[in-house]
Amino acid sequence: MTTSGLTVRAPASSANLGAGFDIFGMAVGLHADIGTGDAPDGAQQIDEHHPAREAFALLGGTGPIWLRCNIPMARGLGFSGAVRVAGAALAVCQLAADPTQAVAERSNDILDVTTRLEGHGDNVAASLFGGVTAYVDPEARPFAVGPVLGSARFVAWIPDVTTSTDKSRKTLAPMVDRASAVFNIGRAVQFALAFAHDDPAMLVDATADRLHQSARLPLVPGAAEAIATGVAAGAWCAWLSGSGPTVGMLAGPEVADEVAASLPDGGHTKVLPIDPNGAHLLT
Ligand SMILES: Nc1ncnc2c1ncn2[C@@H]1O[C@H](COP(=O)(O)OP(=O)(O)OP(=O)(O)O)[C@@H](O)[C@H]1O
Ligand SMILES: N[C@@H](CCO)C(=O)O
């Protein structure tokens, strides 16, 4: 809390995780803080057109709000999902008799409003609940994340270009063939089983995809190379993060820096933890 207001934090997210298009999400250690009252250093007041403000207003929030955020926009790291979740969560805290319980008590409302605003629930489920999630309409199903995969590092290769998620979705074919559907179902199950067994070996090849990556990867120079190079350097798996342009990968903590160092020019890298917490009131 600031001296005169409330502050809510929500993490960035990587969506799809390969085969789980519009389903899987992973919260990662970059954050959007949104608050009422005095804005701290580095924060900006946000206007009525901002995605966070829309979510805040839809859940009954009133008055000026500010944003402080280290999530890059339009890079496939769930900026819009995180700020919408933080805005919606701030509204329920503002309205609650006990703000400390409000995000948990009204998580269904936050998920519902932010999914409608986003048009898909994968990013917001991860930003709201933390960890690794499956959005199975209309609910979010958090994965159990055991000690081995809980200590994994999310290595991000973040190109200098941006991708509009809305525009990118419109370029995807509306129909998929049965073989591609079967391929993706198998990989998505494999990915979920890797977490159920806390077994990184099962992640190998689990992020292959035939629903969206083949259309999107050619639009990002260096992205296919980043996937191949990261896996060759020791990452268990790699995928196009959300609609891109970022490539995400999971690696053990002992090789994560080496994986990051191997990635091609044309993007900067970050080595981040999986964020286990999701949206919460900062104390
Ligand atoms: N100040 C603002 N006012 C209005 N809209 C904004 C503002 N800041 C950001 N946005 C909107 O936020 C969205 C961010 O882009 P987009 O949803 O494509 O990327 P992202 O959330 O970072 O990535 P992804 O969902 O692929 O992980 C855009 O729709 C942009 O118009
Ligand atoms: N599932 C969404 C995620 C966007 O971050 C997409 O791939 O368009």
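Each Cβ is built from the backbone N, Cα and C atoms, and glycine gets one as well.
No curator has checked TrEMBL annotations; they are predicted automatically.
Pulled from TrEMBL, these are the features on record:
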DOMAIN    65-131  domain 'GHMP kinase N-terminal'
DOMAIN    209-265  domain 'GHMP kinase C-terminal'
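Sorting each residue of the domain 'GHMP kinase N-terminal' (65-131) by its DSSP state yields 44 helix, 4 strand, 19 coil. In terms of DSSP helix, strand and coil, the domain 'GHMP kinase C-terminal' (209-265) has 24 helix, 9 strand, 24 coil.
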